[in-house]
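K.L.:
This is the structure I want to talk about, given as structure tokens.
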Amino acid sequence: MAFSKGLIFAMIFAVLAIVKPSEAALDAHYYDQSCPAAEKIILETVRNATLYDPKVPARLLRMFFHDCFIRGCDASILLDSTRSNQAEKDGPPNISVRSFYVIEDAKRKLEKACPRTVSCADVIAIAARDVVTLSGGPYWSVLKGRKDGTISRANETRNLPPPTFNVSQLIQSFAARGLSVKDMVTLSGGHTIGFSHCSSFESRLQNFSKFHDIDPSMNYAFAQTLKKKCPRTSNRGKNAGTVLDSTSSVFDNVYYKQILSGKGVFGSDQALLGDSRTKWIVETFAQDQKAFFREFAASMVKLGNFGVKETGQVRVNTRFVN
């Protein structure tokens, strides 16, 4: 069916007209005049931290997800607890979030270059893009202009989707943040550079159900390997666990290939193969890395726009409100 140029432009303007004001407020060139070196400063900080600690990319990407999923992308995950309030970073799902120092370091440098200009929320969003790119993944232009939140509550971290969710629960959780089924499967691909402690998946390895000792959706040999990494002994190291795909330092589509082989570490990951709503997406990305990269960049922009505040502050210190 052919469309005239006039009709196409009309359709584009119609779409732009329904964009939420909070999303429209963001701009890829937001700091071009006020802090032109902002992205360079953040990139150099992230790159140096990654050279020192290869775990930084996975940690900062996870930080971005956990920040955006609570009150939107507002850097509330960075705030410290006080005597009267337990903050997000001390909520159970966030106890294992690490590498806050990287964001703090970037923010200190930005305050010297451009005082009270670049928000902590934008630093997290840009850093998340940078760690993906530095790990071999896609690049995208980060929309900027977020404001930093002043509220951070540990009890709200219960809204983060746990690794035990089934597909219906995952779909509902992501939909509450304006994300589609495809966005959910795509963003789950961030686990390609992830690591998990045993506590997040060991329920799949033993006494799984009344009828199965091991989760039947898991590759048996893979389950035995994980059992060795997570022995049920009193002297098991507190950091015992496993990477979430076999090329954990590289951002690629191996995560999806492993799901096809029954080697998804989390129950929520492997469940994506058992549901017709998500199976085709897993299969597509396992076969086409370029498609995964393209969709991941788009979904990250979409997640980064969630809950953006039109009013707020540009925090001077990442850990405290002004």
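All positions are counted from 1 along the displayed chain.
Including glycine, each Cβ sits where the backbone N, Cα and C put it.
Below, the features straight out of Swiss-Prot:
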SIGNAL    1-24  signal peptide
DISULFID  CYS35-CYS114  disulfide bond
SITE      ARG62  site 'Transition state stabilizer'
ACT_SITE  HIS66  active site, proton acceptor
BINDING   ASP67, GLY72, ASP74, SER76  Ca(2+) 1 binding site
DISULFID  CYS68-CYS73  disulfide bond
CARBOHYD  ASN155  N-linked glycosylation site
BINDING   PRO161  substrate binding site
CARBOHYD  ASN166  N-linked glycosylation site
DISULFID  CYS198-CYS230  disulfide bond
CARBOHYD  ASN207  N-linked glycosylation site
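Explain the structural surroundings of these features, please.
P.N.:
Taking the Cβ of CYS114 (disulfide bond) as centre and 10 Å as the limit, one finds 17 other Cβ atoms among all the protein chains shown.
Mapped onto three states, the DSSP output places ARG62 (site 'Transition state stabilizer') in helix. Within its own chain, ARG62 (site 'Transition state stabilizer') has VAL97, GLY190, GLY194 as residues 6 or more apart in sequence whose C-beta sits under 8 angstroms from its own.
The Cβ of HIS66 (active site, proton acceptor) has ILE77, GLU88, PRO93, ASN94, VAL97, THR157, LEU160 as same-chain neighbours under 8 Å, each 6 or more residues away in sequence.
Long-range neighbours of SER76 (Ca(2+) 1 binding site) (same chain, six or more residues apart, CB within less than 8 Å of its CB): ASP67, ILE70, ALA87, GLU88, ASP148, GLY149, ILE151, SER152.
All protein chains shown were included, and the count of other CB atoms within 10 Å of the CB of CYS73 (disulfide bond) stands at 30. In the three-state DSSP reading, CYS73 (disulfide bond) counts as coil.
Residue density at ASN155 (N-linked glycosylation site): 10 other Cβ atoms are found within 10 A of its Cβ, drawing on all protein chains shown. In three-state terms derived from DSSP, ASN155 (N-linked glycosylation site) belongs to a helical segment.
DSSP gives PRO161 (substrate binding site) a coil state; it is part of no helix or strand. Annotation for PRO161 (substrate binding site): same-chain Cβ neighbours under 8 Å, separated by at least 6 residues, are PHE69, GLN169, LEU170, SER173, PHE174, SER268.
Residues within less than 8 Å, Cβ to Cβ, of ASN166 (N-linked glycosylation site) and separated from it by at least 6 positions along the same chain comprise GLY267, SER268, ALA271.
Sequence-distant neighbours of CYS198 (disulfide bond): residues of the same chain at least 6 apart with a C-beta under 8 Å from its C-beta are LYS229, CYS230, ARG236, ALA240, GLY241, THR242.
If you draw a 10 Å sphere around the CB of ASN207 (N-linked glycosylation site), it holds 10 other CB atoms from the protein chains shown.
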K.L.:
For GLY72 (Ca(2+) 1 binding site), which of the recorded positions CYS35, CYS114, ASN155, ASN207 has the nearest Cα in space?
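P.N.:
For GLY72 (Ca(2+) 1 binding site), the spatially nearest of the recorded positions is ASN155.
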K.L.:
Taking the Cβ of CYS68 (disulfide bond) as the centre, count every other Cβ atom within 10 Å, in any protein chain shown.
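P.N.:
Excluding its own Cβ, the number within 10 Å is 26.
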K.L.:
Near CYS230 (disulfide bond), how many other Cβ atoms are within 10 Å of its Cβ?
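P.N.:
I get 20 for this one.
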K.L.:
Compare the C-alpha of CYS73 (disulfide bond) with the C-alpha of each of the recorded positions CYS35, CYS114, ASN155, ASN207, and give the closest one.
P.N.:
ASN155
K.L.:
Looking only at C-alpha atoms, tell me how far ASN207 (N-linked glycosylation site) is from ASN155 (N-linked glycosylation site), rounded to the nearest Å.
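P.N.:
About 30 Å separates the two Cα atoms.
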K.L.:
Please list residues from the chain of ASP74 (Ca(2+) 1 binding site) whose Cβ is under 8 angstroms from its Cβ, counting only those at least six apart in sequence.
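P.N.:
Within the chain, ASP74 (Ca(2+) 1 binding site) has Cβ neighbours under 8 Å at ASP67, ALA121, ARG146, LYS147, ASP148, GLY149, GLY307, VAL308, LYS309, GLY312.
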K.L.:
Between C-alpha atoms, which of these recorded positions comes nearest to CYS68 (disulfide bond): CYS35, CYS114, ASN155?
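P.N.:
Result for CYS68 (disulfide bond): the nearest of the recorded positions is ASN155.
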